[in-house]
Amino acid sequence: GNRRIWRGMEGGQREMEREGVRGEGWKGDRGVERRWRGEGRGWRRMEGAWPVPMGSHPTPPGSSWTCRAVLGDGHQRTVRRVAWSPCGSYLASASFDGTTCIWKRQEDGFECVATLEGHENEVKSVAWAPSGSLLATCSRDKSVWVWEVDEEEEYECVSVLNTHTQDVKHVVWHPSQELLASASYDDTVRLYREEEDDWVCCATLEGHDSTVWAVAFDKEGERLASVSDDRTLRVWRRYHPGNQEGVACSGTDPTWKCVCTLSGYHSRTIYDVSWCHLTGALATACGDDAIRVFEESPTNFPSIQSSLSNLTLHCSASVLRTSVEAEPSRRKRPRVSFSRHMSLMALAVFPVSFLE
Amino acid sequence: RAMEHDRAIEVYDIIRTIRDPEKPNTLEELDVVTEGGVEVQEIAEDEYLVIIRFTPTVPHCSLATLIGLCLRIKLQRCLPFRHKLEIYISEGTHSTEEDINKQINDKERVAAAMENPTLREIVEQCVTEPE
């Protein structure tokens, strides 16, 4: 199983163990609200449905972590993001100092083999393409840079993309294609691909009302999830030219349409999203101190035509506040809205008002 | 309700002595902040949402952002209770208020700005209580 040691914070040193569960176990936790807090400073521990024993437990063998290296001289300012190369031999670090360092794993540590310069100010994100020969970086300077690395470990910038109109927060590669996605302070998500020795923006996903902080592709790469300062999680689907749903495409590029918007689940900015390629579950990181897991299940409603794809999302595990009963007026009922295109349903743990 | 009011007073007591970046006056003296501009809502046990609305003295974008930064930093350091903070320019007082509001509520932008030594120095001078 997946074991995790939770440590209390702020003076609390309680160690808790949780059996990682998936599938049935997670569904069983549907709607359970719990909060883990350390002792001291007004925090307290609440009970929940997770099968967690009270008191501390001995550390299981093989699960202790040691600090192997401190790479303290590479950057002059905050290191914002790190990313391992697909082969595992390299580590990229993106910094507010405007540079991205490439570290190569050695026997006794790591050596900085390249420093990628060019961004005018803070680099916010770095990501390796699955092939391992491409890297992308993005910055507050509004640009996305694509870098190529050759067999001699030489890095070269092959494209500077200036299509966003504001700070770019996050870049992510498609799981299997050389397709790049970026999330921006300009409230959009953009997609890029290579075209004749250069990179072009092939799609712009509009819909969020504020900064998009992160995006994640699903396993097949036909869907993308985005999260925003507007407190919604959106799922977008790719429609290829000639698709049977009748979605128009311009030229040979696929069109992306927002097929699901989850509102009312997050009470503050959502900073990150992760799409599990094994289970299909979506996890979000929110400024309201909670992690939420959303799962998709096959439709239970036989009346829906099977030719249309059905997206049912429910919040299967969530840490939400229940200690204070918020006034109904302060708390929006969670809502899921669908594109008119698709016959989609969402099943929510919490009362959901279905929209037309 | 009473708790929220007490908390609001606590918040105001901390922000009213912040000095204006340009003028030798406090934000209270210049009416940049007022008691009425502080709203507190309880969102969880012992945790509050603090919303501050301020009126910059001049419609100059960078000064408004600077004041927003000072408010955020001082409260981050001095507010004793668990809180989430939102800072806004009072509606209708600035032409680019949406842009400024977005910046001062973007925690990554705020953190990056505070790494700028010049900016940091100005903020420190505005928020540090005189001995």
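Going from the start of the chain as shown, residues are counted 1 onward.
Any Cβ shown, glycine's included, is placed from N, Cα and C.
Annotations in TrEMBL come from automatic prediction, not curation.
What TrEMBL says about this protein:
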- A:12-28: compositional bias 'Basic and acidic residues' (COMPBIAS)
- A:1-28: region 'Disordered' (REGION)
- A:72-104: repeat 'WD' (REPEAT)
- A:116-157: repeat 'WD' (REPEAT)
- A:161-192: repeat 'WD' (REPEAT)
- A:205-236: repeat 'WD' (REPEAT)
Residues in the repeat 'WD' (A:205-236) grouped by DSSP into helix, strand and remaining coil: 0 helix, 17 strand, 15 coil
Intrachain neighbours beyond the repeat 'WD' (A:205-236), with Cβ under 8 angstroms and 6 or more residues off its ends: 167, 169-170, 172, 174-177, 179, 181-185, 187-191, 256-263, 265-275, 277-278, 280, 282, 284, 294, 311, 313
PLDDT averaged over the residues of the repeat 'WD' (A:116-157): 97
